[in-house]
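Below: the structure, in structure tokens.
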């Protein structure tokens, strides 16, 4: 009876009584975030399959800070933001930096900036080189389209700067993508166009074409008719919440449980999960087919480590018996350092943002060849620094070196964009810029079994000085935008605070170290890569050494992309659902 009472306390489903709760499901999905709800929707299309999603957050469909298309940032620090902090960042003023992640049905798609931009072709193609045959742009494009319901811009939105090429978009998917109705004033567009083109940054007619270099107005995940944010819950769960075979259960997964017998080739077989309710009481739910971990890049490693999967040295310190030695768990964390310039502008409200994606040659100019050579020469040093920072047995420096070499080729051979500059006009506003491909590598690990909601996150911001140099160059290039005609007659730049107008590189470096922020775009902590490179999951997204545990979230993305993670995640999750369904037949 006690067991049943705990289980019933965990259950929460819309329109159904908790009395109908069951303790056994074909699939258990850990996390009702951006990726988890995509997988849940697609798996439950088969009425003979039962799917449970375990999520500590709640339904936020009526939260104005979520539904509003102009309330970005209002949810930060509230009950639906995990509001993590990094460890002290030794190369960034020894400060702890905030990291935002959604704690709600829909995960971070409920609190992010809604930007829908995928990335460059070469970046997705690089995944194949890391031990993932079949993972490339061509394979993912159909899934991007499958998820998308693109809204063609109105004539006034086109006049205000919205552009698109229909062949790159889907029009029948569950995820609404478009431009906010408030984007109706076109007087801002010519200023941006003329200024960027004066700096040799061309207009990009569609930032979702697989080539993001240039500038353009990025679409967002919203319904243009109702002017409402279209997060993963609204797109993938609300329309199907009455399915009798799909349930969201409130609780926090502490660990995966294992069957006594082994699977093929001696693999571990998951038979369920241990779940904690809000009072810390636990129960075990049974999984008959698979466990899919979709807790996000900062939480998925914690679930794996608590389950005995990870670096034996770390597991021993936690008092956890090693089930599978996978030192890559929690490593390869890649987070983007970010900064901003504030300004006042004599401009009408535009209520949208222009994204400029710039290459190394754009921001380094005549020094690009020297930067390329210096960066290539520094790769072994960057790799050793990452290995030493993680401690013995966590990271193989040679493996990190290979990853950084692939990244170097993307930037300097394939002309991948190295920085994003975001120009937002809200009467006044800000210009935000960040390094897209940091060479720094960090980690996230479980603090203790008693603190499963408090990850130790160490992105090691600026561990590789390339990241600092690139952010400096991006900041200086952003200032050039505001001080170039015709924009300079319309705006007055007021930042960075404490930095003189003609600041030296050294002054920029000092300022950035003291004022940098984390972009809350973490990836890579359960990377889809060859095991000898530090990979955690294979090309089928299955955790190495397990028979039936997969990971589907940002932690599997092995290398940053030039877009915004949400777009990439919808495509990855759609494909993952097909992989899982295919394995069952």
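Every residue, even glycine, has its Cβ placed from backbone N, Cα and C.
Residue environment of residue 521 (active site, proton donor) contains 23 other Cβ atoms, counted within 10 Å of its Cβ in all protein chains. Among the features that Swiss-Prot reports, active site, proton donor is placed at 521, with the record citing sequence analysis.
Taken from Swiss-Prot, the feature active site, proton acceptor covers 564, and the record attributes it to sequence analysis. For residue 564 (active site, proton acceptor), other Cβ atoms within 10 Å of its Cβ number 24. According to DSSP, residue 564 (active site, proton acceptor) is assigned to coil rather than to any helix or strand.
In the three-state DSSP reading, residue 104 (FAD binding site) counts as strand. Taken from Swiss-Prot, the feature FAD binding site applies to 104.
With respect to their backbone Cα atoms, residue 564 (active site, proton acceptor) and residue 104 (FAD binding site) stand 20 Å from each other.
The Cβ of residue 104 (FAD binding site) has 57, 58, 59, 60, 63, 66, 80, 110, 111, 233 as same-chain neighbours under 8 Å, each 6 or more residues away in sequence.
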